There are 2 protein chains.
Amino acid sequence: MFKINENYLKLPGSYLFSDIAKKVKAFTDANPDNKIIRLGIGDVTLPLAPAVIEALHKATDEMAVKENFKGYAPDLGYEFLRSAIALHDFKARGVDIAIDEIFISDGAKSDSGNIGDIFDVNNKIAVCDPVYPVYVDTNAMSGRTGEYQPDLGKWSNVIYMPCTIENNFAPQLPEETPDIIYLCFPNNPTGSTINKAELQKWVDYANKVGAVIIYDAAYEAYISEADVPHSIYECDGAKTCAIELRSFSKNAGFTGTRLGFTVIPKELKCGEVMVNSLWARRQGTKFNGAPYIIQVAGTAVYSEEGKKQTKEQIAYYMNNAKVIKDGLLDAGYSVSGGVNAPYIWLKTPDKMTSWEFFDYLLNEANVVGTPGSGFGPSGEGYFRLTAFGTYENTLEAIERIKKLGSVTT
Amino acid sequence: MFKINENYLKLPGSYLFSDIAKKVKAFTDANPDNKIIRLGIGDVTLPLAPAVIEALHKATDEMAVKENFKGYAPDLGYEFLRSAIALHDFKARGVDIAIDEIFISDGAKSDSGNIGDIFDVNNKIAVCDPVYPVYVDTNAMSGRTGEYQPDLGKWSNVIYMPCTIENNFAPQLPEETPDIIYLCFPNNPTGSTINKAELQKWVDYANKVGAVIIYDAAYEAYISEADVPHSIYECDGAKTCAIELRSFSKNAGFTGTRLGFTVIPKELKCGEVMVNSLWARRQGTKFNGAPYIIQVAGTAVYSEEGKKQTKEQIAYYMNNAKVIKDGLLDAGYSVSGGVNAPYIWLKTPDKMTSWEFFDYLLNEANVVGTPGSGFGPSGEGYFRLTAFGTYENTLEAIERIKKLGSVTT
């Protein structure tokens, strides 16, 4: 008789964003005339940049002609894309990454979920709290997290590193030594960052204790401050301890177009074994590459026009972030994020729980956000708004929130 | 100190198609003027059908406009595509598959590799021998296959079901009871099929012993004979024991465009747990869907024009298959496949090993094929040619092989 992976049954039943969707549906069913403004899910709204559209059309035309048709892609991805990445994302920041250290994928969610395949089940992970749920859930699926403790909202075998207003949302080095450390900067959900000196401490720590850092840099394009690193490889010694995940979802609006990549330097080893080779084997065996036309489109993001156009998109979203942050500060909220990230993280007023504030905003302002507690126990009492809406909707949402009156936190 | 997944180190070092590539490169370096004809890798060569191209352009234009732009796709895939699949691939063959039993993916390779995630490590797998290497390799990566025995070319904890000329390349029910059975019909690499009554025996067996069948139907579009099932769900009771994998790679030339799907009926359960829910959780957590424009392109395959055009492509390849098969038979080879599949499987002449015949064909006819032994120990003494080349090259390759003289096998 076949046996299922019982670890799946340990996962808490409901998923944050489906809970939100249900509540919103119940509200709109009861109040069909109210205009809901959604600043919840981190999904982009601007259309693809003209340079990307042009590349998609061009690549599509190639696929229509026998001489230019492309079948299976190279295992790691097309060299034209990997070269553009090596040049623009790394060389331009003083970092040497070889093209065979770059693995093209269909996005950072797949990579952050699949990367666990190449590690033993007996590795203890450390995560920030709050955190993007995929890191913990995928480790739970692999049996790496122990048991779920519903009363604590935590897994028994995970090192949680609280990120709260008290430590300026920057995790401290953990007391217990982890084997795998997930870091995400600019952070989802808090929108916080750490500077290069602070990230260097993590790199030094990981090298000292023999941990690997899985560094999720999906939001690096939103960094506006000079001393915030875009890549962990800007830190000395990161190549011997860090894997970096990147995405086109947020820097070029590819959430529905799907493209990302993972960097694994050849210096990263466990004994004599290069982690790079393990991932090459994993991807070569279980994945057949991102579509040719999407890889061409991704390359267009690095063209002069593409860079200019996607920068404008990011400026548009970051203007929304400023509108949200300034408006909330005006209204007396305690707010962080929104400077180097498209997320605004606010403290709920009047000691409301995250879900109480969710209901309050939905009912009173018809605005949808994301309860901080959905990202982990230390997110309780916080709330996330995203800058990915339209400018008009963002403005209106903030006006509505301000009309609810000033708060004290 | 972090620990790697040691199962990866058990995998045999070299990969079939990279060994072939190295040998071909050495030959072309030494003989730069010889024209090599490649009938090795199962990659398509015809351009995408006009209906597919039109759909790609149209969907690209949608992504350029704010009102039509698409961000994150629904977890299971767009309903318009899942509805088209349910109607044309299943309903049209008398099979009721609900749209929430269909999971859109980036291809059958990903799905056949990732499906193992939802099963316990303690499941014994059974595979045909020879077999598409991904089934075994991905189970080896998960620690399900025991130890590799280089002298036998087998893993210690896998049930191998030989498919040779003696049993007409149809596997027999295994003596030892497996938990998970991989079946692929039309078969890669042998090109063989089994009829509905024979497949029904497998379904009945799986239901009896409580095994799950992972049924790879990636080549179903090549079936020409009436009594060969296109879907395992044409058999009674398959919904309680079978998962079916499908691909757009071979039926519509999407090897470089990437689209596939997996069907998991809700009736398939382990105790009270629906396997469908586990896969939904897996995909919802580790995958963000195939690109919108690719899902639109996949839907165009089911339009009247799309069906007509892709049928013509398949007819083109199957004409190549006939050229290969007839030519080899003329020359005295023992040949199977090529009737319901784009693969021709031949017995090597003069008791040559698979690799000896590979070298012989490369050196004497400058034709590249795939050694049967690369697919498993029972593939030794066999050789695979694919029908995916151009007609002109296929014709020339066969002429060259015939010029080598008649053989006896």
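Note: Cβ is positioned from N, Cα and C throughout, glycine not excepted.
If you look up TrEMBL, you'll see A:Tyr15, A:Gly42, A:Lys109, A:Tyr132, A:Asn188, A:Asn288, A:Arg384 marked as substrate binding site. Look at TrEMBL and you will find A:35-401 tagged as domain 'Aminotransferase class I/classII large'. TrEMBL lists A:Tyr72, A:Ala108, A:Lys109, A:Tyr132, A:Asn188, A:Tyr219, A:Ser247, A:Phe248, A:Ser249, A:Arg258, A:Asn288 with the feature pyridoxal 5'-phosphate binding site. Summarising the annotation, TrEMBL assigns N6-(pyridoxal phosphate)lysine to A:Lys250.
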Mean of pLDDT values spanning the domain 'Aminotransferase class I/classII large' (A:35-401): 97
DSSP three-state assignment (helix, strand or coil) for A:Lys109 (substrate binding site): helix
Per DSSP, three-state class assigned to A:Arg384 (substrate binding site): strand
Neighbouring recorded positions, C-alpha within 10 angstroms of A:Gly42 (substrate binding site) - of A:Tyr72, A:Ser247, A:Lys250: A:Lys250
Those binding-site residues of A:Tyr15, A:Tyr132, A:Asn188, A:Asn288, A:Arg384 having Cα within 10 angstroms of A:Ser249 (pyridoxal 5'-phosphate binding site): none
Chain B neighbours, filtered from binding-site residues A:Tyr15, A:Lys109, A:Asn188, A:Asn288, Cβ-Cβ distance under 8 Å: A:Tyr15, A:Lys109, A:Asn288
Other C-beta atoms that fall within 10 angstroms of the C-beta of A:Gly42 (substrate binding site): 23
Winner by Cβ contact number (other Cβ atoms within 10 Å) across the binding-site residues A:Tyr15, A:Tyr72, A:Tyr132: A:Tyr132
Surrounding CB atoms that lie within 10 Å of the CB of A:Ser247 (pyridoxal 5'-phosphate binding site), all protein chains: 26
When distances run from the Cα of A:Ser247 (pyridoxal 5'-phosphate binding site) to each of the binding-site residues A:Tyr15, A:Lys109, A:Tyr132, A:Asn188, A:Arg384, the nearest one: A:Lys109
A:Tyr15 (substrate binding site) in three-state DSSP notation: coil
DSSP state at A:Ser247 (pyridoxal 5'-phosphate binding site), helix/strand/coil: strand
Euclidean distance between Cα atoms of A:Tyr72 (pyridoxal 5'-phosphate binding site) and A:Asn188 (substrate binding site), Å: 34
Neighbourhood of A:Lys109 (substrate binding site), C-beta criterion under 8 angstroms, separation at least six: A:Val134, A:Gly260
A:Arg384 (substrate binding site) to the residue listed as 'N6-(pyridoxal phosphate)lysine' - Cα separation in whole Å: 17
Alpha-carbon distance [the residue listed as 'N6-(pyridoxal phosphate)lysine'; A:Asn288 (substrate binding site)] in Å: 23
Using Cα positions only, nearest of the recorded positions to A:Tyr72 (pyridoxal 5'-phosphate binding site) (A:Tyr15, A:Tyr132, A:Lys250): A:Lys250
Same chain, 6+ residues apart, C-beta under 8 Å of the C-beta of A:Lys250 (N6-(pyridoxal phosphate)lysine), given in sequence order: A:Gly42, A:Val44, A:Ala218, A:Tyr219, A:Ala221, A:Tyr222, A:Pro342
